[in-house]
Amino acid sequence: MTTTTAGKVNLLGLTQPQLEQFFESIGEKRFRAGQVMKWIHHFGVDDFDAMTNVGKALREKLKASAEIRGPEIVSQDISADGTRKWVVRVASGSCVETVYIPQGGRGTLCVSSQAGCALDCSFCSTGKQGFNSDLTAAEVIGQVWIANKSFGTVPAKIDRAITNVVMMGMGEPLLNFDNVVAAMNIMMDDLGYGISKRKVTLSTSGVVPMIDKLGEVIDVSLALSLHAPNDELRNKLVPINKKYPLGMLLDACRRYISRLGEKRVLTVEYTLLKDVNDQPEHAEQMIALLKDTPCKINLIPFNPFPHSGYERPSNNAIRRFQDMLHKGGFNVTVRTTRGDDIDAACGQLVGQVMDRTRRSERYIAVRQLAESESAANRN
C-alpha cells in the first residue's frame, strides 16, 4: 500500500481487496471498504467528514491513518474541438498529462502511466523527455478521479462523460505493471467506475514477458504500438524491438487475445510518417505480417512536434495506405487528429520530467527482465 510522507495510507489507489485488508488492519469490518470506495470514486470525495454513512469514531480513525490524495492539477486546457488536457503534478515533482477526447456518444480518457518514458520511440515527444518515475496506483487512477470530478459527473455512473479509458498517455504501462493493473481493476470495479472490460485498453510498445503476465491477471483490451511492418525499420522507430522482435511480439499478442475469447481482437496502432513507413511496400508487408492475427488497424497520421525530423504524409498517401489494407482484408480506420491546438494529440504529450537521466537504467531493467524470462523458459 502506498504511504505518504506523513505515513498515511492513500486510499485512492487501493483496489477493493486492498481496501478490505486495510480496514481489517485497523480493526474494522471488511464491508467498510465498499462504503469508502463508493465515496471516493462515485462521489469524488477526499474528505472523510463528507462520508455521512460512516460513523464519527471511524472517520477520526481514518483521519489519523489514511488520506485520499490525487495528483495536483497544474493546468487544464480545452481545445476548439472539445478535447481537454490536464497537466497534473505527481509526487516525484514531474508533471504528466491526461487527455479527454469526446466523439459522438463516447468520451475517451487517455491516461499516463509514467513520468516520461525510457523507450525512446523516435517519433514520440514523450520519449524525448527521458524517464523520471513510475506513477503510483493512486496517481494513475487519480487521473480518472480528477477528470470525473472536473465534469461534475458524480455519482460516476450517472450521465457519465468518461465511457472509455485508454492507457496510451505518457510512459509504457507494462513497465509499471502492478500499479497500472491495480488502477485498471478500480476502473472496472462497480465500486469504482464500472467501466466495461472491453472499454479499458492498455497500449504497449511490446514488452513481451509482461504481455503474457497481463493475460494471467486481468482481462482488458490490448493495443499494440506497431508503427513498422519489418524488424529493420521497427528497430529504428521503436528501439525495444531489438529486445523483442516482431515474430516474438505478435506471438505474445495472439496468446493474449486467445485467452480473452469472445471474438476479441488486437488493436494495431500505426503512426504514418512521410516517406518512412507510408509506402505501398510497407502496406504489403503489413498485410503479410498480420494475416494470422485477429486485429483491427488504427492509422495515426503523424502529429508534428519541434525537432522531430518527421512529417505528416499527404492525405492521398494516407488514403492509399488505408485502401491497400482494406483490400488486404483488414478493418482499418484513420484516427482523426484531436486536440493538436493544445498539444494533446497522439504523440505530443510531454509533461515536465524533472530528472531525465534514467533512460539507461530502465533499458537495463528491460534487458534483465527478458534474460530472466528466457532462463525460466529454458528451465
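Cβ from N, Cα, C; glycine included.
As annotated by Swiss-Prot, active site, proton acceptor applies to Glu97, with the evidence given as sequence analysis. Taken from Swiss-Prot, the feature domain 'Radical SAM core' applies to 103-343, supported by sequence analysis. Annotation comment: Swiss-Prot describes Cys110-Cys346 as disulfide bond, evidence class sequence analysis. Annotated [4Fe-4S] cluster binding site per Swiss-Prot: Cys117, Cys121, Cys124, in sequence order, evidence recorded as sequence analysis. Feature annotation from Swiss-Prot assigns S-adenosyl-L-methionine binding site to Gly171, Glu172, Ser203, Ser225, Leu226, His227, Asn303. What Swiss-Prot records for Cys346 is active site, S-methylcysteine intermediate.
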**Complete:** Close in space but at least six residues away in sequence, with Cβ under 8 Å from that of Leu226 (S-adenosyl-L-methionine binding site), the same-chain residues are Arg234, Val268, Glu269, Tyr270, Met286
**Request:** Whole-number Å only: compute the distance from the Cα of His227 (S-adenosyl-L-methionine binding site) to the Cα of Cys121 ([4Fe-4S] cluster binding site).
**Result:** 10
**Item:** Other CB atoms within 10 A, centred on Cys124 ([4Fe-4S] cluster binding site)
**Value:** 26
**Asked** Tell me which residues of the chain lie with their Cβ under 8 angstroms from that of Gly171 (S-adenosyl-L-methionine binding site), as long as they are six or more apart in sequence?
**Response** Val96, Ser112, Ser113, Gln114, Ala115, Gly116, Cys117, Thr126, Asp134, Leu135
**Cβ packing number for Ser203 (S-adenosyl-L-methionine binding site), 10 Å threshold** = 20
**Complete:** Cβ contacts within 10 Å for His227 (S-adenosyl-L-methionine binding site), all chains included, total 24
**Request:** Name, in the order they occur in the sequence, the residues of the same chain whose CB lies under 8 A from the CB of Glu172 (S-adenosyl-L-methionine binding site) and which sit 6 or more residues away.
**Result:** Ser113, Gln114, Cys117, Ala118, Leu119, Thr204, Ser205, Val207
**Item:** Collapsed DSSP category at Cys117 ([4Fe-4S] cluster binding site)
**Value:** coil
**Pairwise CA distance, Ser225 (S-adenosyl-L-methionine binding site) versus Cys121 ([4Fe-4S] cluster binding site), rounded so that it is a whole Å** = 10
**Prompt:** Name the residues of the same chain, 6+ apart in sequence, whose Cβ is under 8 Å from the Cβ of Cys110 (disulfide bond)?
**Reply:** Thr98, Val99, Tyr100, Ile101, Val166, Met168, Gly169
**Prompt:** Counting every protein chain present, what is the number of Cβ atoms, excluding its own, within 10 Å of the Cβ of Cys117 ([4Fe-4S] cluster binding site)?
**Reply:** 28
**Prompt:** Taking every protein chain shown into account, which of the recorded positions Glu97, Asn303 has the largest tally of Cβ atoms within 10 Å of its Cβ?
**Reply:** Glu97
